[in-house]
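Visitor: TrEMBL lists these features:
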type	residues	note
DOMAIN	A:64-271	domain 'ABC transmembrane type-1'
DOMAIN	A:360-552	domain 'ABC transmembrane type-1'
TRANSMEM	A:12-34	transmembrane segment
TRANSMEM	A:60-90	transmembrane segment
TRANSMEM	A:102-122	transmembrane segment
TRANSMEM	A:142-166	transmembrane segment
TRANSMEM	A:187-216	transmembrane segment
TRANSMEM	A:250-270	transmembrane segment
TRANSMEM	A:303-329	transmembrane segment
TRANSMEM	A:364-384	transmembrane segment
TRANSMEM	A:405-425	transmembrane segment
TRANSMEM	A:431-448	transmembrane segment
TRANSMEM	A:480-501	transmembrane segment
TRANSMEM	A:521-553	transmembrane segment
C-alpha cells in the first residue's frame with residue numbers, strides 16, 4: 001500500500017513545487033496590481049486604483065488594440081510559414097535541407113532588441129540595403145517602422161518557434177499515411193492539406209498559442225521598430241508608465257501585466273478544447289519505415305527554394321548581417337563608405353571591461369550547465385504529468401505557460417522580489433542559482449513541451465512491461481522511459497542552451513556583481529549607448545551559438561524530434 | 001533655524017545655477033584621523049557600487065581607486081537607472097541592503113534621499129564641490145554633463161546647426177521641410193532624463209512651448225535610449241538630435257568621424273551624476289572612503305579622462321567644468337541639487353507637464 | 001491450492017462497464033484461456049490481474065497473497081504482484097540487449113549479478129536464444145522477439161504468467177509451433193498461466209480451462225473438451241467451432257428431447273440452456289458442421305438438394321438446402337447427384353429458445 005502511493009507522492013510534490021515556483025512570482029504581480037504603492041510599502045492600501053488608472057487612459061486602449069493586432073499578425077505570418085518550412089524540410093526531398101535545418105533556427109539565437117538593431121542597420125531609412133535600393137529607385141521603397149514593419153518582421157522572426165514544433169510533429173507521421181494518399185491520386189499539396197496538416201494540427205495549435213504569448217510579451221522589436229512611428233504595444237506602454245511618474249509605479253506595471261495574464265487563460269482554455277477535439281488525430285509513431293520523402297519536381301524545387309531563400313534573406317541575412325557589419329565598423333549610413341570605417345576597436349573595447357568577461361563566463365555556465373539542470377527539472381514535471389489522469393494534471397498545462405504570459409521585465413522584477421523577500425531564498429540571490437531558477441521557470445514553456453512530446457512517443461506497453469516485471473513507477477522511469485527518450489532530452493538541452501544564451505529580461509534586476517549575464521548587460525549598455533560593444537558582443541554570441549549548434553548536429557543531436 | 005538655513009541654501013543654489021556662477025575651488029581638508037577610517041574600510045575589504053555607467057568609465061574609476069586602496073575591492077553593479085531605484089527601495093524594505101554607494105542621475109538620487117535611503121556624510125572633499133552640487137550634506141554632484149546638439153557631419157554642415165535655443169526654434173519654423181522627421185530629442189514620457197531636460201528648458205526658455213509646437217509640426221522624433229540616438233544620427237536617419245548627454249556624445253564623436261557635437265551659446269543646461277552613501281550598507285567606512293575618492297582630484301581626473309567631465313575646476317585635463325563652460329560660451333547652467341528636483345516627482349506636476357507636452361506636440 | 005483467485009471483479013472505463021463481475025481461479029501448471037470477441041472484456045480482466053487497471057469492485061489473490069480487495073481499498077501495484085506479463089507487442093525495451101531485457105526483473109529483485117547472469121543464460125538456452133544474448137530487439141525476428149518476451153516474463157519465477165494474445169503477431173507456421181512449446185514450457189515450470197486470446201483454436205489447443213467472456217461476463221467456464229462438446233448457451237455453442245445455425249419452431253418438447261420444424265422439414269435435437277417452455281416456441285439450434293454426415297444414398301437423414309460443393313484440400317464442403325433450411329457439411333468425396341441425404345445426430349443438435357443470448 002505504501003509503495004502504491006509512491007507515484008502519487010512524487011506527482012503531488014512536483015506539481016506543488018511547480019505551482020510554488022510559478023505562482024510565487026506571478027501571484028506577487030497580481031497582488032501588487034491591487035495595491036496603491038509598492039507591496040513592501042506599509043502605507044500601500046488595497047484597491048482598484050491601478051486598474052482604474054489604466055482603464056481610463058486612452059493610451060492603454062490604443063496599446064491594447066495594437067498588441068492584439070500585432071499578435072494576430074505575427075501568428076498569421078509565422079504559423080503558415082513555419083508549417084510550410086517544416087513540411088518542406090521534413091517531408092520532401094528539398095535540395096539543401098541539411099544546411100537549411102540549422103539555419104532555420106538562427107533567428108532564435110539573438111534577443112529581439114539585437115535583431116531590431118540589425119534590421120535598422122540593413123533595412124532602416126539609412127540602412128545599407130535601403131541605400132542600395134535608393135540608388136536604383138531614387139527613393140527607399142519601404143519603411144520598417146510602424147505596425148506594418150513590426151508585424152512583418154515579428155512574424156518572420158517567429159517562424160522558428162513554429163517550425164520547431166511543427167517539424168517535430170511532422171517527423172512522427174508515418175510516411176505510409178502520406179503514401180496512401182498519394183496512391184489514391186492526391187498531389188503534393190493535396191497531401192499536405194488533407195493528410196499532413198490535420199495530423200500536425202495539435203502542434204500548430206500549441207505553436208500558435210505560444211506565438212500569441214510571445215507577441216504579447218515582445219518588447220525588443222516594438223521598442224526598435226514601433227517607437228519611431230509612435231506605435232506603442234502593451235509592453236512599451238508599461239515602459240512609459242514607468243517613466244510617467246519618474247519613479248517606477250509597480251502597481252501600474254503589474255495591472256497591465258495582469259491584463260496580459262487574464263488574456264492567457266481563455267487562450268489556454270481554447271487550446272485545450274481544440275486539442276481535446278483533435279485527440280483522435282494523435283497517432284503516435286508509425287511503425288513503418290519513415291525514410292521516403294515526397295518527391296518535388298524541378299519546378300517545385302525552384303519555387304520552394306526561392307520561398308525559403310526569401311525568408312532566410314528577410315529573417316536571417318538582413319538582421320544578422322546588419323549586426324555583423326555593425327560589429328566591424330565605426331560609422332555607417334548615408335554618405336558613408338563603410339569600407340573606409342572598418343575597425344576591430346569594437347572588439348578591443350570588450351577586453352578592457354572585466355565585467356564583460358565575467359558575464360560571458362556566467363552566461364555560458366548558465367546556458368550549458370543551467371540548461372541541463374533545467375531539462376532535468378522539466379523532465380520531472382513532464383514525468384509527473386505523464387500518463388496521469390489525476391485532477392491536477394490539467395493544472396500543469398496552465399502553469400507552464402503562465403510565466404511566458406507576463407512581460408519578461410516584469411517577471412524579472414518579480415523574481416528579484418521573491419529572492420529578496422523570502423528569507424529562505426535570500427542566500428541564493430547573489431549567486432547564479434537565483435538566475436538559474438528564474439531562467440528555468442521562464443523557459444518552461446519551451447522545454448517542457450518538447451520533453452512531453454517525447455514522452456508521449458514511448459509506447460505504454462514498454463512501461464507496463466517494466467511494471468509487471470517488478471519495477472516501481474520510479475524504477476520504470478529511470479530504467480526504461482528516460483533512456484528511451486535520451487535523444488529527445490539532448491535535443492531539449494541544446495534548445496535550452498540557445499534560449500538561455502539570448503535571455504535578457506529575467507536578469508536585469510536579479511543579476512548583481514559577480515552574476516552578470518550577457519543579455520542583461522546588453523540592456524544596461526543600450527541605455528548608455530554602447531552600440532559598438534553590443535554589436536561586437538552579439539557577433540561573438542552568434543558565432544558561439546551557431547558553432548555549438550552545428551557541432552551538436554554533427555554529434556547527432558536532433559533538436560526538433 | 002537649520003531648516004530655514006537649508007531653504008536659504010536651496011534658494012542660493014537655484015540662483016547660482018540660474019546665473020551659472022561657478023565658484024572657485026577650495027582645498028580639501030582631510031582630518032588627522034582619516035587613516036583610521038581607511039583602516040576600518042580596509043577591514044571591511046570591499047565596497048559595492050550601484051550605478052548605471054558606461055563600462056569604460058566605471059573601469060577607469062575602479063582602477064584608480066584600486067591603485068590607491070588596493071585592499072578595498074570594488075564591486076560594481078551596472079544596472080539601469082530605473083532598476084537601481086527599484087533595487088534600493090526593495091532591498092531596504094527587505095532588510096537586505098546590498099549596495100554601499102549609489103551613483104545615478106540627480107533627480108532620482110534626490111528622490112531616494114528624500115525617501116530616507118541615504119545617510120549624511122560630510123566629506124573632507126565637500127569644500128571642492130560647488131554649492132549647487134551639494135544636497136544637505138548627503139548627496140554630492142560628481143560630474144557635469146551638458147545637454148548638447150549631436151548632428152551628422154556628412155549630411156549637414158555646422159553652419160546649418162542652430163547655436164541658440166531661439167535659433168533652433170527659428171530654423172525648424174523656417175526650414176521645416178529640411179528638418180522634417182530628421183530632428184529628435186529624448187522622450188520626456190519614456191525617459192527620466194528627457195523629462196529632466198524638458199522641464200528645465202521650460203524654466204529657462206520662455207519660448208519653450210512655442211518650440212515644442214514647431215517640433216511637433218516638423219515631425220520631431222522622440223526616443224528613450226542613447227543607443228537609438230547614436231545609431232540614428234550616425235547613419236543619417238536623423239540629421240540632428242538636441243539635448244543629448246554631451247559627455248557621451250563627445251566620446252562617440254571621437255570614434256565616429258561623421259558625428260558632430262556643439263553646445264548652445266545662449267545657455268547650456270547640464271546635470272550632474274550624484275553620489276550618496278546608501279543607508280544600512282554593509283561597508284559604511286569603505287563607502288566613505290570611496291565617496292571621498294570620487295570627489296577627490298584623483299578620482300575626478302580618472303573619471304573625466306574616461307569621458308565624464310569633472311565637476312571640479314582643478315582637474316585640468318581638458319574635460320572639467322571649466323572646459324564644459326568654455327564649450328558653452330560661458331553659459332553653462334548646471335541643474336542645482338534642490339527641492340525642485342524632488343518636487344518634480346509630484347504626480348500632478350508630471351502629468352500636467354506631460355499632458356501639455358503631448359498637446360503641444362499635437363499627438 | 002489455487003495460485004490465482006479472481007472474485008467478482010467489476011471495472012468501468014468511463015461510462016462503459018467493461019467487466020460486470022468476473023470470477024475464476026487457476027492453479028499451478030494450469031493454463032487458463034480468456035476467450036472472447038473484441039470488446040468482451042478479456043484484456044481488461046488480464047490487466048486487472050496485472051494491476052494495470054484498478055477495478056472498482058472485487059478481490060484478487062495471487063499465490064495466496066491478496067493483491068486487490070476493493071472493500072478494504074487494498075490495491076497492490078503491478079510490481080508487487082509477482083507476475084510475468086507477455087505483451088501482444090512483446091514490448092521489448094529497445095535500448096537494452098536481449099540479455100539486459102531478460103535480466104531486468106532479476107536486478108529489481110536484488111539477485112546477485114553472477115546468479116542473475118546464470119539464470120538469464122539458462123533461460124535463454126532453454127528457449128534456444130543463447131546465441132542472441134547481446135543483440136538488440138530490432139535485430140531479432142518476430143518469433144525471436146516473442147521468445148525473449150517470454151523469457152523476460154518467466155526468468156524470475158513469477159507466481160502467475162499472463163499472456164496477452166501471445167501468438168497474434170506470428171505467422172501461421174510459427175504459431176502452431178508456438179502453441180506446442182509454450183504449453184510444454186508452462187507445464188514443465190508448473191506455473192499458473194492466464195492467456196488472453198480471440199482465437200478459439202489457440203484456446204482449445206493450449207488451455208486446460210477456457211473462460212468464455214461476453215460483454216463483461218464470464219458466460220461459461222470449463223475444459224476445452226467440455227466447452228466444445230457441451231456448450232451451455234447459444235453464444236458458447238456458436239462461438240466455438242464451425243457451425244450451422246438453424247432457426248424454426250419447437251414441434252414438441254419432452255424433457256431434454258425436442259423436435260424442431262420449419263418449412264417442410266423436421267429435426268430432432270436436445271434442449272440446452274434455458275428449458276423450452278412448450279410447443280410452438282421460436283427456437284434456434286446449433287450443430288457443428290463436422291457433425292453432419294452426407295450420403296448420396298438414401299439414409300434415415302433428411303433429404304436435401306445439393307447447391308454447391310467446394311474443394312478444401314483435405315476434404316469437401318457441401319452446401320445443402322431444404323426449403324428455408326440451409327446447412328454446410330463436410331465430406332471426404334465430391335458429390336454429384338442433386339439430391340442427397342443428410343444425417344443430423346440428435347445429441348449434437350443443440351436447441352435454444354430464440355431469445356436466448
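The backbone N, Cα and C atoms fix where each Cβ goes, glycine too.
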Visitor: With the transmembrane segment (A:60-90) as the reference, find which of A:12-34, A:303-329, A:480-501, A:521-553 contributes the most Cβ pairs under 8 Å.
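Guide: Most contacts with the transmembrane segment (A:60-90): A:303-329.
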Visitor: What else in the chain is close to the transmembrane segment (A:480-501), if you only count residues 6 or more beyond its ends and a Cβ gap under 8 Å?
Guide: 105, 108-109, 164, 363-364, 366-368, 370-372, 374-375, 378-379, 383, 386, 439, 443, 446-447, 450-451, 453-455, 457-458, 462-463, 465-466, 471, 518-519, 541, 544-545, 548-549, 552, 556-561
Visitor: Check for me, if you would, whether the transmembrane segment (A:431-448) reaches the transmembrane segment (A:142-166) - at least 3 Cβ pairs under 8 Å, residues 6 or more apart in sequence.
Guide: no
Visitor: Can the transmembrane segment (A:12-34) be said to touch the transmembrane segment (A:521-553) if we require at least 3 CB pairs below 8 Å and skip pairs under 6 apart in sequence?
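Guide: These two stretches do not touch.
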Visitor: Which bits of the chain, at least 6 residues beyond where the transmembrane segment (A:102-122) starts or stops, bring a Cβ under 8 A of a Cβ in it?
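Guide: For the transmembrane segment (A:102-122), the sequence-distant neighbours (Cβ-Cβ under 8 Å, at least 6 residues beyond its ends) are 85, 89, 128-130, 144, 153, 156-161, 163-164, 218-221, 223-225, 312, 315-316, 318-323, 325-326, 332, 498-499, 501-504, 519, 522-523, 526, 531, 534-535, 538, 541-542, 545-546, 549-550, 553, 559.
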Visitor: Near the transmembrane segment (A:187-216), which residues from the same chain, at least 6 beyond its ends, have a CB less than 8 A from one of its CBs?
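Guide: Residues 67, 70-71, 74-75, 78-79, 82-83, 86-87, 91-92, 154, 158, 161-162, 164-166, 168-170, 173, 177-178, 181, 234-235, 260, 263-264, 267-268, 271, 274-275, 278, 281-283, 294, 296, 300, 401, 404-405, 407, 445, 449, 453 contact the transmembrane segment (A:187-216) from elsewhere in the chain.
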